[in-house]
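Among the features that TrEMBL reports, active site, proton donor is placed at 210, 459. For 355, 478, the entry in TrEMBL reads active site. What TrEMBL lists as Ca(2+) binding site is 564.
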């Protein structure tokens, strides 16, 4: 294919540049230039600079850890200049630093208003066309302007059937976004439509995880927003509302409970039929995120209705997974057998199959105050830093490659492949919630550089080849979410520019006749006729909030978090109170004194960003240029 020829040509060009740089400087970037055209070449550390005593300084590179040759001398097919002094690789990027300052250091209020309007228009173009052409079906096909439901002719089509349950998915998933945009009347109309038309008594086999985060989470969020006048949007109660959304959420959760039955480990089956329970031919394998990311929604439901069942089964699943982590590294794998507890996939990373497991450990602690959750998160975070992180120690100082989190074997920490996936772009946002703002800045910059190159995030990106491994982009929100959270933490105009770039790319590359379409190929921008519900629920929501400084969410004295599907949930004292005994003798509700020592205390790492840096680049120009270069932007 033509695009493959282009990729090969680019790799050849990069190697040519590598040789020239080696001749000129005696060096090359450790993970960008020295990747071979065939796999017989050695990937060894490239010496970044010489110390006065003649010994090689250790480089914080990705490739040196790939094969464990941290102190090996570099072997290369390019001729080296042994007699010339070595220069720092970063010196290559100390050119016109003002280029980045000029582009990113300010963002006029008039432009912010324009971008806010563009994000609002983007949402309504998708939402209005869904309501016009697709409702009450689950999704909109934006190219053909038709609705889409489950693939009843092909039950094995889990790409569709895991998500679409014939229950007006997009409308439900979008409820709280309408309030974020200030449209109370349409929110009320949508709530009434859900109450009047939605039933879960359907012969639909759906994924427990997807039904939980998209449907259950949205119903709970909308119910809280309707009934609690203390939430950021004020009193938006609906006349004659009688907790119908909460009853629907309870009904759905009951239909998901069979997934937790007849499993030897307590880890749930991945799918249930909403009428009949676990299908007879159900597989015994599930991913860590799918089984371990139910606690926020199930926990809130339990505490709203006073029934411990839902939180208990969700928490039991988390504990069961936790017991299966490696004794050597503390890491978990990606796919597990729910009956034997054996790991089917031993890959440990931060992307698909694992992402929201870590996210919900922290968010569950924030919501419920269960000290056990934060202990697990802290231990996980330490293992991630020890075994997944590559690159220089500090984001904004020092030599070496920028920080990156790679996929490793859970038992020994060895790199298993050289790709990362777009779901991992959520992690900078989680770093912000944990107070590690500097680390979030650096990792976010890497994903933004990939976006700048392709105008989208490929589903998988190979950091050694500097090319996509999996080429589609289904309008995912993770990079936008992290951009929004970093802006809230730093107020740096750089992140407004990132949001503008994302908005303009979506308008240019994804907009079609009746909505926004999945990019089938991030290089040639060909499209698929699908607009997933998270585009309206998350991508548009975070883009709008990024540019809306006066949004009630930002002005309210009450605190809140977003679920992994972007649903607004207040941090409420009610959720720290249980109407039942502790789930186990070792559990203890965290007191206010203990909470003050957690990630949201006054001693938070968020204070590490000095005020004066809010008006300079969040990442030094030399490091931005380095990252841009390492993803092939120049």
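The backbone N, Cα and C atoms fix where each Cβ goes, and this holds for glycine too.
Distance from the CA of residue 478 (active site) to the CA of residue 459 (active site, proton donor) is 12 Å. Least crowded of the active-site residues (355, 459), judged by neighbouring Cβ atoms within 10 Å of its own Cβ: 459. All protein chains shown were included, and the count of other CB atoms within 10 Å of the CB of residue 478 (active site) stands at 25. Its Cβ taken as reference, residue 210 (active site, proton donor) is surrounded by 19 other Cβ atoms within 10 Å in the chains shown. The Cβ of residue 564 (Ca(2+) binding site) has 25 other Cβ atoms within 10 Å, all protein chains considered. Nearest by CA distance to residue 210 (active site, proton donor), out of the recorded positions 355, 478, 564, is 564. Residue pair residue 478 (active site) / residue 355 (active site) shows a Cα separation of 11 Å.
Residue 564 (Ca(2+) binding site) and residue 355 (active site) have their C-alpha atoms 10 Å apart, to the nearest angstrom.
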